[in-house]
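Visitor: When I checked TrEMBL for this same protein, it listed these features:
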TRANSMEM  B:6-24  transmembrane segment
TRANSMEM  B:31-50  transmembrane segment
TRANSMEM  B:56-78  transmembrane segment
TRANSMEM  B:90-112  transmembrane segment
TRANSMEM  B:146-167  transmembrane segment
REGION    B:174-207  region 'Disordered'
Amino acid sequence: MTEFFQSLGMNYEFAWFTATIAGVLLIALPLMLAVAMIIYVDRKVWAAINLRRGPNVVGPFGLLQSFADGLKVFLQETIIPSAANKGIFILAPIVTFTVALAAWAVIPFDAGVVLANINVGLLYILAISSLSVYGVVMSGWASNSKYPFFSAMRAAAQMISYEVSIGFILVCIVLFAGTFNLTGIVLGQEAFGLGLINAYVVHPLIFPIWVMFFISCLAETQRVPFDLTEAESELVAGYQTEYSSMSFALFWLGEYANILLMCSLNTLLFFGGWLPPLNIDLIPWFDIPGIIWFLLKTFFFFFMFSWVMATVPRYRYDQLMRLGWKVFLPLSLFFIVVISGYLMATGHFGGAA
Amino acid sequence: MIQTIAFYLFAVLVIASAVMVIMSRNPVHSVLWLILAFFNAAGLMVLVGAEFIAMLLVIVYVGAVAVLFLFVVMMLDIDFAELRAGFIKNFPLGIAIAAILLAELVLGIGAYRVGAIELGTPDGASAPLLDRSNIESIGALLYRDYIFLFEAAGIILLVAMVGAIVLTHRKGPADARGQQDIGKQNRRRPEEATVMKQPGIGKGVEL
């Protein structure tokens with residue numbers, strides 16, 4: 001995009017700057033729209049599984065429900081509790097929202113369609129997602145109220161625990177791909193399965209770690225069955241209890257942007273990103289733009305997130321910790337050993353093993 | 001130009017937030033300023049091209065260590081009056097340490113100005129810079145050239161971790177409260193957990 005702005009007569013630095021701003025807007029604005037629609041999808045899927053209708057009043061099929069909700073919170077009064085720590089109270093939703101958007105900078109939507117094609121892309125994602133705990137912890141502490149504080153404590157412990165196993169799982173993928181660059185990881189999946197299937201997940205050693213990754217994603221984004229931070233039967237509404245109006249909406253948006261990010265990570269790391277599922281041209285699906293495949297796959301994973309939400313009961317907190325530390329951590333370590341050994345044995349690292 | 005702006009932005013923010021870490025009265029604010037300082041330090045590292053170290057700084061320090069800091073500081077019940085009394089009491093010691101650090105800095109910079117010590121050139125210092133990414137060079141250094149030192153460091157950390165676990169691990173009696181048998185919980189079936197009773201009219205139920 002820099003070349004385009006240079007052709008308009010800007011010098012290189014200014015053109016680069018303008019191109020980056022334009023790129024950020026091109027990602028962030030559709031993302032906001034996607035979040036609004038995905039909340040609608042979430043509620044519809046949930047309703048369908050519960051044999052209800054779901055939102056169906058505002059707009060055709062209730063499509064505008066999220067926008068109506070947005071307008072409602074926008075017009076509400078922002079209430080700041082008098083005992084709250086004001087600065088941090090206001091900062092917390094902003095941090096949550098910003099961090100949720102920042103991670104999208106390295107997500108490749110198609111070959112070359114990425115804002116920042118850095119070669120530590122996966123580490124960047126890990127770093128940013130480890131920041132998202134701060135929004136929760138800050139809001140819980142600044143609210144100066146018992147339930148949000150309990151919720152913040154739970155969230156901090158939960159997210160750190162599951163980040164460990166996510167980190168180990170990503171190491172396995174990096175071992176296969178040989179790069180931290182997300183575009184490189186997707187390209188490494190081309191014709192991976194028997195020269196036919198464009199996905200890492202078909203490998204018998206990768207499928208189990210994908211299952212672990214998916215469950216860890218649920219825990220990392222605090223979705224059901226791991227939504228103990230906002231368990232309404234125990235903690236009112238968790239860390240966002242004291243929030244109202246736009247500060248509440250920013251939490252919502254950030255949460256769903258994080259969920260979408262995890263869905264797209266599932267797509268990129270295990271299911272071939274923007275590549276079509278099969279590497280043969282039976283039907284002309286190489287003519288379908290890659291971004292369509294990417295969005296379809298991401299949407300499929302979001303459907304799985306909703307599906308889990310509607311069907312699985314909530315965990316107990318000690319069970320959650322047990323699953324993270326006593327099951328996933330040893331298993332993912334074990335898989336690192338096994339996968340490294342397998343790759344050495346099959347000469348994946350250039351034969352000289 | 002944009003590098004210069006970015007450098008001064010990050011540098012000023014690092015220093016300002018470092019000052020705020022020791023200036024702010026609320027310890028939680030201190031930790032949050034510390035996190036901002038870490039974050040901007042990571043930005044500086046990205047500017048000099050050490051993106052791998054920058055990411056590690058964010059993941060390890062901001063993502064894990066600082067969260068635990070925050071965790072502990074939030075749960076502490078801090079008495080500010082006592083803290084300030086402690087400040088007066090420890091003031092002479094603090095001044096002494098600060099003076100020693102200052103003297104060391106002055107000495108070090110003075111010695112450096114006079115001229116660096118001739119330690120000889122390390123092996124391979126004259127080798128041409130390879131066209132490799134950060135990760136590859138660090139990987140080659142850690143896992144090829146210094147593999148034994150690296151493994152030794154790993155083993156020391158492992159021993160420390162095992163030691164910490166052994167010191168804090170307490171095993172109560174098998175049926176004590178808090179000692180759960182997960183297998184037993186999973187094996188439990190409705191037939192043994194619930195009883196159906198059909199009490200007659202006017203009769204109680206004995207469980």
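Residue 1 is the first one shown; counting continues down the chain.
Here the Cβ of each residue, glycine as well, is placed from N, Cα and C on the backbone.
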Visitor: Mind checking how the region 'Disordered' (B:174-207) divides into helix, strand and coil residues in DSSP?
Guide: 10 helix, 0 strand, 24 coil
Visitor: Using Cβ atoms and a strict cutoff of less than 8 Å, what residues sit near the transmembrane segment (B:31-50) while being 6 or more residues removed from its termini?
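Guide: Same-chain contacts beyond the flanks: 3, 6-7, 10-11, 13-14, 17-18, 20-21, 24, 57-58, 61-62, 66, 69-70, 73, 134.
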Visitor: Determine which residues of the chain contact the transmembrane segment (B:146-167) at the Cβ level, with the cut-off under 8 Å and only residues 6 or more beyond its ends counted.
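Guide: Cβ under 8 Å, 6 or more out: none.
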